[in-house]
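Features of the protein shown, as given by TrEMBL:
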- B:6-22: transmembrane segment (TRANSMEM)
- B:29-46: transmembrane segment (TRANSMEM)
- B:52-75: transmembrane segment (TRANSMEM)
- B:95-115: transmembrane segment (TRANSMEM)
- B:135-157: transmembrane segment (TRANSMEM)
Amino acid sequence: MSFLLASALLFALGVYGVLTRRTAILVFLSIELMLNAANLALVGFARAHGLEGQVAALTVIAIAAAEVAVGLGLIVAIFRHRESTAVDDLSELRG
Amino acid sequence: MSLWEGLAVALLLLSGALVVTLRNAIHAALALILNFLVLAGVYIALDARFLGFIQVIVYAGAIVVLFLFVIMLLFAAQGEVGFDPLVRSRPLAALLALGVAGALLSGLGGLKLAFGKDLQGGLPGALGPLLYGDWLLVLLAVGFLLMAATVVAVALVQPSRPLDALRPEERAQEVVR
């Protein structure tokens with residue numbers, strides 16, 4: 001059960017990071033932390049329900065890779081336009 | 001909770017706390033790598049060996065290194081930038097995160113789980129039939145998603161015009177960037 005405890009606390013740490021960090025890249029790092037907390041719970045549940053949990057965790061890793069590619073591309077593109085990655089500067093939806 | 005479990009949980013939480021509190025973004029990314037390596041060890045201990053190695057190779061090896069590249073490319077190592085529009089929001093954020101943790105723990109605590117299913121070590125030989133059987137559609141969808149993400153990433157960071165077509169002063173600016 002200790003890994004489920006660790007998973008919940010890691011997810012909460014990620015939430016704290018998303019709420020307090022002010023640059024887009026660091027918010028992104030906190031999101032990765034939350035994804036991994038969910039993965040840890042999936043791997044833990046696989047011990048009770050079978051291998052499907054591990055396959056789901058594998059899928060999550062692949063989706064996270066796609067998300068990082070798009071997200072970092074967005075951050076680089078925004079930085080070229082605005083010379084900043086601070087999320088407070090980017091609160092408008094126009095260039 | 002055995003000694004090793006306690007040590008792993010403590011290391012996970014310590015490195016996670018470092019990720020969300022360190023001021024230098026590069027240090028935060030390095031703490032994230034530590035977190036992922038400990039997590040890979042936990043996966044292997046939880047009978048998910050293939051996933052543990054994938055965690056090391058893909059997450060710690062590829063994704064976080066990509067993060068490090070972007071942080072260095074944008075000179076974005078400074079974590080505290082600009083002015084803070086919400087002064088002293090940290091205690092509030094900590095309270096909210098604790099609330100999330102409490103909700104998750106109360107949900108997980110109500111589960112009656114019987115651990116100890118035979119997972120055959122979580123090796124690729126055991127995962128493959130599932131991945132290419134019931135999960136085939138998911139696998140194909142993820143492959144399509146990865147291809148789309150690659151195309152989007154290339155299209156996003158392309159300069160609006162090719163470098164040859166830029167005026168000299170614009171080209172100088174592009175090189176500086």
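Glycine is no exception: its Cβ is also placed from the backbone N, Cα and C atoms.
From a predicted model like this one, the values you see are computed outputs, not experimental measurements.
When each of B:6-22, B:52-75, B:95-115 is checked for Cβ pairs under 8 Å to the transmembrane segment (B:29-46), B:52-75 comes out on top. With a threshold of 8 Å between CB atoms, the same-chain residues lying at least 6 positions outside the transmembrane segment (B:52-75) that come near it are 25-26, 29, 32-33, 36-37, 39-41, 43-44, 122.
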